[in-house]
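Here is what TrEMBL records for this protein:
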- 338: active site, nucleophile (ACT_SITE)
- 192, 193, 194, 195, 196, 197, 198, 224, 285: S-adenosyl-L-methionine binding site (BINDING)
- 1-16: compositional bias 'Basic residues' (COMPBIAS)
- 524-552: compositional bias 'Basic and acidic residues' (COMPBIAS)
- 553-564: compositional bias 'Polar residues' (COMPBIAS)
- 830-843: compositional bias 'Acidic residues' (COMPBIAS)
- 74-514: domain 'SAM-dependent MTase RsmB/NOP-type' (DOMAIN)
- 1-50: region 'Disordered' (REGION)
- 432-455: region 'Disordered' (REGION)
- 524-582: region 'Disordered' (REGION)
- 820-861: region 'Disordered' (REGION)
């Protein structure tokens, strides 16, 4: 587990430093072939970034991932910047408006910007993505930023991305979730989820068919190993405003098994009552070398070397096998990487099939997404190590076999002789040794234009060939005289290459679980994981080099083991307390009972995981009744058991979150088994505490995020505004009651109880009573003061709504005179009537982990 801790520290370091992206940070650097040799103004010493790596070319030529006659076209495409792509959120309120705007406005206006260097269309939907929801631009991100003619479109993309109506994401990374065949009642696990674009895509799928006020039965658990990347994941997915998401923080290969059977005595082993968290779908987008992202991150050219894939292979197998263990029988798992390397791709899939035997099959999905250009997987490949090629594991030198494992090679039985160069390997290579796990495994990249997924390790010792051009006296030699051919149907895998559809590169395999896994370590993997972690960490505790972070991890692992032994009902100190009691004379039974109660209370208040606030069901009946009464919430809206908070002191709760029935079930199971899931975020923020000098009868206001869910069930504190008054509210944000155009609306507003209220746009609706249940209904949260009405949505969301209703109803947006305030804008003395926090706060858990600075959309792009 030392390697796991090292991975976590390195990933956090990369997250803080950020990934070097030449196209982004040096927008004036032209790519190769586009004026790169002319230099940059004001800096005559500047040299264009080298988009070449002889080791890279030699490696993939030898692997034969594409026919030789296509090589020049393949390399030429790799050297071009990646076109921008984005996906429309089909579950968003303005889905149809955005589609119309793209088809009728931007598509026509951008035609004039097409030059001879681009394709015929400036913007077009991706033909293989269902429903024309994904779009391809024939402009790179750099061009979007620099071209003034594209400025309005770029602003459109940024704004819609920030409010969650679109997601800027690399085209090929949209593919894996599509092959999961997600249904509205599925439990889905995204094992390596940060930065969250694929998770967001999965949430779109489960919400797409639901109506206002209804939640799907589905559940998405998004996991990542790093706390800071979990916060980025939360920042991304909070735009979806969903109650069906749980974000966890675990090593993917050690994701805890949540089975109630392990914590029941023999007397309670009733099969009907046993619970286990399993998943209908698993997305296994593993850490990888990331060379498929070279068009988006050209720094990969100089960093790439063959050892990167070799060093990640075992971790990839472990994560994939863990995913298989968590998958339900009959379920589907998608294994994917943004790498072209067969050691990270076909070799991992072959090893999964070998270990699982007849329990798992590799699906043929060639008939799905027929317009997606893809290549079949390879059945033969070689492994390169320290400048030498090997076709079978038997030919690997003995001192390297602990690093170059048999699973890296094709797992078939067949082999054939090939003509090879049998030059002797350098003698100094034989003398050197290297510990397992010290391979360079640099730079992996996920999908989103809003954040790079840094699933990496910093190398501690370079023990593989350099990414630079090899010198002549160190020309690689092929030492193996045999190659293997896999007997598994690996042609069913798919490899997406850039020159087929002007995209990045990706690898995808779809696996179907036919029966329970037939390996002991897979069946009861959770217990073995915990024992292994405990033993290794206890061994390291004697060293002075153990950090405080590792001590925390050790405490958590020891607690894991205690839970597995049935000691899950006590607090974190219950094990040590029990030992002390065993060493002393048994005391009074009543005192023991009180001590147990104190331990349970301590665990309830503190939570099991250090640095993360516990998830607590909100059961303050007085507060809930006041909320229901104030807003007139119908009995048909389920509240009991669906409200949670992250504050152990329920009397000082600031935010209340709403969770779906599926999330509620997982939370209850997690509590029963001793909180094995480390939950960093969950649920939909629905109520927030609000203090007011006016003395509102209700101490909690509605949250903008939760309003669409709650709107169909609200019967009080609700107003219906004309388009012009709704526009004025969004534009001026605070308006006195007499200043509304519709005098009746002003009177209705003044008659409300002081405090939070909802204003619904009535334009376009015939029956006011049915507006709230109309999917197209537009509503905002406001605050009713003594003399005015104040908008309580973020400026960004307000601007988005203002533009949408202006386009929909043909309203003009006059500019405000900043030097001479309008009479419609309430005076400064009235602003205090709606003293409140804006709804644009980060939807992060109230814990020590939430103080991480989250980059905005432009910085994370």
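Heads up, the Cβ atoms here are built off N, Cα and C, so glycines get one too.
Automatic, uncurated: that is what TrEMBL annotation is.
In this structure the alpha carbons, written CA, of residue 285 (S-adenosyl-L-methionine binding site) and the residue listed as 'active site, nucleophile' are 8 Å apart. Separation of the C-alpha atoms of residue 194 (S-adenosyl-L-methionine binding site) and residue 338 (active site, nucleophile): 14 Å, rounded to the nearest whole number.
Per-site Cβ counts within 10 Å over the binding-site residues 192, 196, 198 peak at 196. Between the residue listed as 'active site, nucleophile' and residue 192 (S-adenosyl-L-methionine binding site), the C-alpha separation comes to 13 Å. Binding-site extent for S-adenosyl-L-methionine: residues 192, 193, 194, 195, 196, 197, 198, 224, 285, maximum pairwise Cα distance 13 Å (rounded to the nearest whole number).
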